[in-house]
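To keep things clear, I will list the structure first and then write my remarks on it.
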Amino acid sequence: MNLNKERMSARTVSHLKKGEKGIIKSFTDRAMSLKLLEMGCLPGCEVRLDAIAPFGDPICINVGGHYSLSLRLNEAAVIELE
Amino acid sequence: MKQGNIKVALVGNPNAGKSTLFNALTGMRQKTGNFPGVTVEKKSGTFRIAATNGHDDAHVTLVDLPGTYSIYPKSKDETVVMDILANPKHPDFPDVVVIVADASNLQRNLLLFTEINDLGIPGVLALNMLDVAESMNLTVNAVQLAMQLNVPVVRINARTGDGIKGLKEAVKQVAERTEQPALQYFYEPKENEIGLINEVKEIHHLENDYVALQYVCQHDNFSFLEQPVRAKLDALIEKYGFDENNFLANETVARYEKIKPIVSRAVKSQGATEQPYWTRKLDGILLHRVWGYITFALVLLVVFQAIFAWASYPMDMIDAGTAAAIEWMKGVLPEGVLNDLITDGIMAGVGGIIIFIPQIAILFALVAILEESGYMARVMVIMDKLMRRFGLNGRSVVPLISGVACAVPAIMTTRSISSRYERLLTILVTPLMSCSARLPIYAILIAVVVPETKVLGIFNVQGLVLFGLYLLGLLGALGSAWLLSLFIPRKEPSYFMLEMPSYKLPRWGHVGFTMYESVKSFVLEAGKVIMAISIILWVLASYGPGDSMNVAEQQVVSSMNTAPQEEIDAAVASARLESSYAGQFGRLIEPVIKPLGYDWKIGIALLASFAAREVFVGTMATIYSISGDTEDVLTVKQRLIQEKNPETGGKMFTPAVCYSLLIFYVFAMMCMSTIAVVYRETHGWKWPMIQLAYLSVLAYVSAFVVYQVLS
Ligand SMILES: Nc1nc2c(ncn2[C@@H]2O[C@H](COP(=O)(O)OP(=O)(O)OP(=O)(O)O)[C@@H](O)[C@H]2O)c(=O)[nH]1
Ligand SMILES: [Mg+2]
């Protein structure tokens, strides 16, 4: 129960403000985490929110300074930050 | 050792530059574009490598493949890669794999490299996009990389062709090696995986551990494995309690653990790494909450203005030119049937079509610029949320936009949409986007009915109406998607996740070539059909059953003997056409199209355009030049304006008729090739037939409503 609560309130990429940075800690969704790992979003990697599309979704994040990745808010919510 | 004929495959991440490299090597012109997912099927070409130190020339068969982030496919297009690489009996199975890597993002690009390496296929690593890496303050040490990865590494620029020679040599050397170096796996199987691997290796006579693991994970995608074999593999997975998802996550993380130190030694950064300056600046505007949509709307408006306003000058010249050519030909050839066939039949039909070359060229050039610049990927982002409302995906934007050129390649690009449901919906609605074949119809009817004036001093009203028609097509597509989504069950979750490429200046040579190609195929393909139909139509319109045409002529002459000669001539021509085969056929279908405001002449053109939409205008040209008075040669537009409605005595092409026709063509799925490609992509007749039915109903009903309201 406790664990669940903690999970609910964990900060994720979807909570980032424009220009704000975070470091990836873990993922909460199996299938999504596979895709994200292949795309280079690894635990320990720094991400920064670069742009928010009109209507607030999807967002664009910079992954480790290497490249820009666009994902939906529900996809971003899978990436927990430290 | 391999000499003489070498088979090479290009693999790499999406948008790494594989197709550009393919074109540079083979001299062919595969489609390229600056967004992930351009290539959706394998394409082959050939090239030669000149002889070096005692060896003969090598003939290389090169296969360009769709881009993938890993060897585990995520969408339909990506399955082809492993279907080839895991099956040594495949005719395209390569002797050498060239892994094209985007050097500006090396770490992620090397993931795929290590996977391919572990499959045991000899490889060459081609470092591409080094200019982008440089603008991000990155320098890549190729020698260092080659030492650590144990493969030849070649620096190239696929766009300019730099380094291609070195790449060819490296490929040749690897292919001609007498002995392959011992394979060094980047991923060492875990202890609990070894039992399973060994059993699979034994059953399938495999030598490679990693290939065996692929049999375990991906057998459902392998077309070369029979169903019972797949079932056996499933049983093995069960027996060993193999957890696929767990394995995949562990494997990927383990690979990155190996890659990281290699990259940090080979890639040095001067200062902070950032996306190129212009990419950051442009994204600030083009992805902005407010400016994003405003700039997108402006871009679209410019496109339509260009298609109408800029194209009108060359079009007027071509129009006048064909009229003059027909007139000249009429004078040169001896009078008679042949003269009529060539001038009224073929020349009028073809002339009705070549006038649209400038518009087609501009349309294709602008779509190419959108694709090459990298803006297309941004449009996918800003449209995703909207598209989702209608059951589609941001990625559906690519087929929808390229559908403006032609629905056939557009429907094929849907292969990069990972959700089958969204892909099907996109296929079903893409034909609603107004393709270039509809442009001639729109153009001619707009020219007849919309005045050539300007509003606000800059916007050409005809251009605005055209814009409106395209918009109507788009709204029709979104609305239909929404309606269809209510009936088709959604089975799998939807993903977006899209890499944003850096902006690149379009290559003008490439844009020019795209323009040339599109015009060429338009003229040749459409030309062939139009030529054939014009001739058939001319025959059907010039001859009638028995003596019917002469009888009709006698009747007119005797009933009009007091009228001026000119009027009699026109009436005679019209009566003859009406009693010809074509006329009688048109009469037959008239009751069906009458409620839409069309007469039998339009009916003939409508039927003919089932072969291909652009035939409509050519057919109208042929019909009206046969029925019109023969004294002077008129352009199609003038003929349509002059055409009288025999019932009312007023104009035939009233606004009600023109708009009804326009709406009909916005929605109707009148294209055999589209039906064929939907059949191919959905593997059956079910969906193309459903599509044909709903689009026909939509077209008929809306044209009916428009005509009834306006008249
Ligand atoms: N700056 C730069 N641009 C390049 C280079 N090589 C290719 N490009 C551009 O990168 C874009 C992508 O090229 P493609 O050849 O279509 O990429 P691809 O790997 O075939 O992509 P998919 O088919 O989607 O997998 C195009 O706009 C090319 O012009 C390069 O070395 N430098
Ligand atoms: Mg490609």
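Keep in mind that glycine also has a Cβ here, set from the backbone N, Cα and C atoms.
For the ranges B:91-113, B:390-412, the feature annotated in TrEMBL as transmembrane segment maps to B:390-412. Counting Cβ pairs under 8 Å that are 6 or more residues apart, the transmembrane segment (B:463-488) and the transmembrane segment (B:656-679) reach 3 or more and are in contact. Counting only same-chain residues 6+ beyond the ends of the transmembrane segment (B:390-412), those with a CB under 8 A from a CB of the stretch are 31, 35, 37, 40-41, 363-364, 367, 370-371, 376, 379-381, 383-384, 419, 421-422, 425-427, 429-437, 470, 474, 477-479, 481-482, 484-485, 490, 494, 496, 498, 518, 671, 673-674, 677-678, 681. The stretches the transmembrane segment (B:656-679) and the transmembrane segment (B:346-370) do not meet in space: the count of Cβ pairs below 8 angstroms, excluding pairs fewer than 6 apart in sequence, stays at fewer than three. Residues 358-359, 362-363, 366, 370, 375, 378-379, 382, 439, 443, 459-460, 462-464, 466-467, 470 of the same chain, all 6+ positions outside the transmembrane segment (B:290-311), place their C-beta atoms under 8 angstroms from a C-beta of that stretch. Sequence-distant contacts of the transmembrane segment (B:424-451), counting only residues of its own chain at least 6 positions beyond either end whose CB sits under 8 Å from a CB of the stretch, comprise 307-308, 352-353, 355-356, 359-360, 363-364, 391-393, 396, 399-401, 403-407, 410-411, 414, 417, 461-462, 465-466, 469-470, 473-474, 476-478, 480-481, 484-485, 488, 518, 522, 526, 612-614, 616-617, 620, 636-637, 640-641, 653, 655, 658-659, 661-662, 665-667, 669, 671, 674, 678, 681-682, 687, 690-691, 695. Mean pLDDT across the domain 'FeoB-type G' (B:5-177) comes to 94 in this model.
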